[in-house]
């Protein structure tokens, strides 16, 4: 069925603010029904603190003004913010300054603070304090493995040394959420650096998240860093590697290289990679070039291949692989050197980004940045990588969306098949694909041969899988890249690769998530370009996610989500248009602390039975720009925006109440309300900034309808008057494709005095209501 009707924007004027009660609950924290003797538990905690005092006494003597950070592990049932033991861990004792892993608080301890804490635990003066004590499982020191982030001492010694035989360490200090204490911590650290004859420079451009590069440390220096209470983590800066092998395309692709037309505006992508040569078929589409690599240190294969896909992937591979026929202009950012001549380490990458992004954004309005880069470090289960955190801050500061590859799993001897075998985490998502604000892209096979490892449309054998830290959906989408076969211990993508240009302008084929990534960036850039009316980055991402679909021939749908995310994006033409039997509505809005939002909603008459029951399909996608805070580790995401479609019921006594028809809890098939916080995070959409739910209704009773949006904040965050922005996309459709859904809903909204605007495409209004 043709799609010639515009998607519809719902104006802010239709929204109602409803004041809601604090969702923490009344009466303070409750004491748990405990299966242990409370007095023995008190003695245990006090004993743990006494033992810790003895172990860290040398720290108090050596660094008298620097608090030592301890871990307080909560019982699984006490993870929810309403159970946080803030009456025990408070400013006069050992205040909570952040989190480590899930359910593991970080507390700032001084000698006097520990004594006061022991006293409070031994002799609580209120039921609230008793309740707090029951939430705590144990208290322990920060161990060497915590500071080394799971690496062994010997591993760090090896990995931190570079070709110049110097050791470069990545050091992050504890943030005590107190400017005076943080000043002391920083001063102590830098004084020690100077005394040891080392150098330390902050490579971060964000004052709230310094990352120190320490050069010249010996093994004894490293041991001292591990014991220094000012230091949170000591790690290394990994290096980036690119593939340069290629297969010439045997079947010649004939097309005339298009040239940009003078005076016409095109979608734009900044491609951060190894560069495109000046004498190249793509050069007429390169609007500018910023280079940090001398020409004699460049290898332009990877950058040319990525640039070709970003610019004209449809012409190189056909609209079956790359459905949008728009050609994209490129801003070429040359950051990656030829690895046989030089190396790109994470710290150098960060410095180059810090330099180029503000300069480029000052001159060009480029919202989409493709970075087909990764450092082959698997992400952690519960904490976000420092590079992902920096990329999040960059995207927030400059208003950009970064497209990142999920990473490549490389093991010729044990390539992943489909259905997948267990690989002990070797195929896990690679940093910085854990960036919350970025769109991470995995790969599905663009072709297949009889001896291919996977079939067409299946997750490729190399595409790294999710989930991201704390079970956020990563990668969000997948797109096409090459398939492969293995013969005589050699990998081959002949006849089944994705096609693009090499550095000489020849058409070659290859594979990797580096090359599915720019196809995802294309969709984002074209959406941004075509939506002439100002829409948020939230909405651009929401439209992408809302209109992505898992290929139908993939078996095992219940396990596919970590491999394909929300699926492969549809064409922008389909994303921005509706048929007669469907309607898509956009809500680009904001929500404040202490309120929820309510929008009037209607169900199409043609999908409503005579006795008031609804049928048809409903899909909702929510993308929220929630506050982020790296101090809180596994609770980095500091807010949760929830959405539900609700219907009003009136009891016999006239009492009105609203019940949910569909909400983000539908991600889990059971009753999330019956689960503890840990399972709500793992199995539901709680604390996830991107959510998509869909449901087919087959005779559900409805009355008056509304869409309800709620905001839940983590413990310890106060947004004040700053709202949390979000984008919501809602589609109602007739699965049989015959009911006049579009017209019914538009008339129904008009009857409710809901103000709507057809979304403009380019600078032309598509359709008048």
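Keep in mind that glycine also has a Cβ here, set from the backbone N, Cα and C atoms.
Database features, via TrEMBL:
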ACT_SITE  273  active site, charge relay system
ACT_SITE  302  active site, charge relay system
ACT_SITE  514  active site, charge relay system
DOMAIN    268-552  domain 'Peptidase S8/S53'
Between residue 302 (active site, charge relay system) and residue 514 (active site, charge relay system): CA-CA distance (Å): 9
Residue 302 (active site, charge relay system) - helix vs strand vs coil (DSSP): helix
Intrachain C-beta neighbours of residue 273 (active site, charge relay system), sequence separation six or more, cut-off 8 angstroms: 302, 303, 306, 307, 332, 333, 334, 335, 336, 370, 371, 372, 373
Reduced DSSP assignment, residue 514 (active site, charge relay system): helix
For the domain 'Peptidase S8/S53' (268-552), mean pLDDT (0 to 100): 95
Cβ packing number for residue 514 (active site, charge relay system), 10 Å threshold: 27
